[in-house]
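J.: Structure incoming, see below.
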C-alpha cells in the first residue's frame, strides 16, 4: 500500500485536526487481528477506516465488518479503490455513536477495533465504559504513553482514573508495539496495540455514579492525601481516615496507591453527600 499515491490520486492529504496517521502495513494488521482471537463468524466494528489496511485484515477474518469513517474524502477513495463484499462503510463521528443501538442492530455484544488518535482516546474509553454491558472486547492502537497509563499498577505515577475504571470493569493487556514506520505520515511517538475485554466483576460498586465521582475527585488532587482530597466532596477528613483504617490502609495514603478494589471498598464505606438537587 502506497498511502501517498492513494491520497494524491483523490486529491487528499492527512488532516492533523483528525489525528490522521494511517496504518499502512497490512501484514501487521493481520497479525494484530490474529492476536485478538476473533470468534468465528464475528461481526466487527472498526472505528476509523483510514486507508483500509485494518479493514482488509478484519474482512479476511470475520463474517462482516462495519467500518466508520468521519472523513468523506476517504470514504470516496475507499469506495473507488474497492472493498470486500463483507465490508459496510458508514460515515460518522465515533464519539456520537449509540453503542446500545448498535448492539441491538447486530443482536450481539460489540467487538470493536480501531487506530485511535490521541485526542479521541480518553473520551472514547469513557463512552465505552458507560456502555460496557453492550461490549465484548476492543482492540485499539494507541500512543504508547496512553497504553502505559491504562496498564499502570497502583503506586505508579502513570496510574490514574482510567487505570482504576478499567481495572474494575475490564481486563486489559498489551498485544504488540508498533513503530512509527507502520503509519503514514509517521507519528513522532511509538504506539501499542491493546485488548480490553469487558467483564462483570465479582467486586463492583453498588452505586456507580458515586464510585466514579469519588475516584475523579481523588485523582483531581493527587498530590494531596486521599483524606484531604475528599474534603471537597463534603466528607470530613476524620471520616475518610476511619474508613481507610477499617480497610487496613494508612490514613495518609495518596490516591495513586489504592487499587481498583480498594476504591470500590472505600466507596461503600463513605456515604455520598447530596445537594438539594440530588447531586453529589
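Even glycines carry a Cβ here, placed using N, Cα and C.
Quick paste of what TrEMBL says about this protein:
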BINDING   21, 23, 48, 69, 93, 115  S-adenosyl-L-methionine binding site
J.: Return the residues near residue 23 (S-adenosyl-L-methionine binding site), defined as same-chain residues 6+ apart in sequence whose C-beta is under 8 angstroms from its C-beta, sorted by sequence, else 'none'.
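T.: For residue 23 (S-adenosyl-L-methionine binding site), the qualifying residues are 29, 50, 51, 53, 54, 115, 141, 182, 183.
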J.: Within its own chain, what residues at least 6 apart in sequence put their Cβ under 8 Å from the Cβ of residue 48 (S-adenosyl-L-methionine binding site), listed in sequence order?
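T.: Sequence-distant Cβ neighbours: 68, 69, 70, 94, 114, 115, 116, 117.
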J.: If the S-adenosyl-L-methionine binders are 21, 23, 48, 69, 93, 115 per the record, what's the largest distance between their Cα atoms, in Å?
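T.: Comparing all Cα pairs, the maximum is 19 Å.
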J.: Around residue 21 (S-adenosyl-L-methionine binding site), which residues of its chain at least 6 apart sit with Cβ under 8 Å of its Cβ?
T.: 14, 115, 117, 183, 184, 185, 186, 187
J.: Say we define neighbours as other CB atoms within 10 Å of the CB. Which of the binding-site residues 69, 93 has the fewest?
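T.: Among the binding-site residues 69, 93, the sparsest Cβ neighbourhood within 10 Å belongs to 93.
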